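Engineer: For reference, TrEMBL lists these features for the protein:
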BINDING   Gly10, Ala11, Gly12, Gln13, Met14, Gly15, Asp33, Glu92, Lys97, Ser119, Asn143, Lys274  NAD(+) binding site
DOMAIN    5-183  domain '3-hydroxyacyl-CoA dehydrogenase NAD binding'
DOMAIN    186-282  domain '3-hydroxyacyl-CoA dehydrogenase C-terminal'
SITE      His140  site 'Important for catalytic activity'
Amino acid sequence: MAIQNVMVIGAGQMGSGIAQVCAQAGFNVKLNDMKQEAFDRGIAAITKNLARNVEKGRLSEEEKTAILGRITPSLDLNDAHDADIVIEAAVENMEIKHTIFKTLDEVAPKHAILASNTSSLPITEIAAATNRPEQVIGMHFMNPVPVMKLVEIIRGLATTDEVYKTVEEMTVKLSKTPVECNDFPGFVSNRILMPMINEAIFTLQDGVASKEAIDDIMRLGMNHPMGPLQLADFIGLDTCLYIMEVLHEGFGDSKYRPSPLLRQYVKAGWLGKKTGRGFYEYS
Ligand code: CAA
């Protein structure tokens with residue numbers, strides 16, 4: 001199936017990044033959110049990213065205008081009526097995702113693929129809210145979307161090979177690298193990344209080293225671009241805790257228990273970069 005019209009649900013950091021790379025690849029994009037202000041913030045972030053690319057000589061002013069022209073606002077899920085694919089990047093809450101997917105299933109064309117950018121919720125369970133589970137798939141982009149190469153593509157229990165192939169081809173058109181995996185808690189990325197971050201927080205909690213030392217050891221010793229505590233701040237400590245809870249519950253294995261220090265920070269509202277304070281302080 002040829003994809004031309006894309007709808008992205010959620011104009012936050014992930015949704016706006018996804019809308020940007022889709023529009024850059026030539027797709028028509030509807031960027032949906034519940035509030036106009038959220039859309040405006042998303043478009044402002046996209047405009048800033050594209051302007052930096054113009055400054056660096058990687059994009060002309062005309063190309064920037066054309067890319068922005070391919071993104072239209074949407075405040076209504078009914079706008080999915082002409083979508084070939086919908087990529088949902090709303091909040092990580094199964095009840096909300098069920099409501100969104102149920103509506104999308106009613107309004108999107110029969111051929112449309114319904115994808116979720118969830119970082120850890122089961123694709124099969126999201127698909128169960130629809131009458132087209134074979135056309136539901138996970139498309140897990142990494143943050144920051146315009147920079148990171150990977151899209152982890154998750155097959156639900158019912159996802160067909162044809163749908164997988166279409167999404168794989170689309171991902172290549174976005175200049176990203178698709179990597180396939182099955183629907184298990186945390187998929188591959190967060191099943192491996194989050195326990196590492198959680199262990200770094202236990203290491204801090206145990207007083208083994210300072211936060212700076214833990215990050216330096218992992219950055220300089222393992223060549224990671226960011227230390228695990230800095231990365232946790234960047235992802236959001238609430239998101240890290242949420243994913244650990246999905247792993248803990250999904251596997252029923254105590255090795256995934258979230259660190260009490262992580263819980264404490266989240267309860268304090270120290271959620272990382274987005275709130276100005278996490279393991280580090282941000283001005
Ligand atoms: N949006 C767009 N572009 C961005 C950006 C953003 N938010 N942040 C950085 N960039 C761009 C910069 O503009 C710069 O581009 P140019 O080379 O064209 O100038 C480039 O990225 C490098 O940025 P910097 O030089 O400022 O800084 P850096 O070299 O430290 O790179 C980084 C920044 C790419 C974020 C790097 O630190 C990094 O790779 N960090 C790890 C990111 C990571 O692990 N992401 C996955 C998180 S997990 C996840 O997303 C999944 C989940 O479910 C939780």
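Each Cβ is built from the backbone N, Cα and C atoms, and glycine gets one as well.
Predicted automatically and left uncurated, TrEMBL annotations should be read as such.
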Engineer: Closest of the binding-site residues to His140 (site 'Important for catalytic activity'), Cα to Cα, picking from Gly10, Gly12, Met14, Asp33, Lys97?
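Structural biologist: Given the candidates Gly10, Gly12, Met14, Asp33, Lys97, the nearest one is Met14.
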Engineer: Please list, in sequence order, the residues in the chain of Asp33 (NAD(+) binding site) that are at least six apart in sequence and whose C-beta is under 8 Å away from its C-beta.
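Structural biologist: Looking at Cβ-Cβ distances below 8 Å from Asp33 (NAD(+) binding site), excluding near sequence neighbours, one finds Ile9, Gly10, Ala11, Gly12, Gly15, Phe39, Gly42, Ser74, Leu75.
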Engineer: What binding-site residues in Gly10, Asp33, Lys97, Asn143 place CB under 6 Å from ligand 1?
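Structural biologist: Checking each Cβ against ligand 1, the ones under 6 Å are Asn143.
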Engineer: Counting every protein chain present, what is the number of Cβ atoms, excluding its own, within 10 Å of the Cβ of Lys97 (NAD(+) binding site)?
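Structural biologist: The Cβ of Lys97 (NAD(+) binding site) has 20 Cβ neighbours within 10 Å.
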Engineer: Take every residue in the domain '3-hydroxyacyl-CoA dehydrogenase C-terminal' (186-282), average their pLDDT values, and give the whole-number result.
Structural biologist: 98
Engineer: Max Cα-Cα distance in Å among Gly10, Ala11, Gly12, Gln13, Met14, Gly15, Asp33, Glu92, Lys97, Ser119, Asn143, Lys274, the residues listed as binding NAD(+)?
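Structural biologist: Output for NAD(+) binders Gly10, Ala11, Gly12, Gln13, Met14, Gly15, Asp33, Glu92, Lys97, Ser119, Asn143, Lys274: max Cα distance 23 Å.
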Engineer: Among all protein chains shown, how many Cβ atoms are found within 10 Å of the Cβ of His140 (site 'Important for catalytic activity'), not counting that one?
Structural biologist: 23
Engineer: Which numbers of helix, strand and coil residues does DSSP report for the domain '3-hydroxyacyl-CoA dehydrogenase C-terminal' (186-282)?
Structural biologist: 67 helix, 3 strand, 27 coil
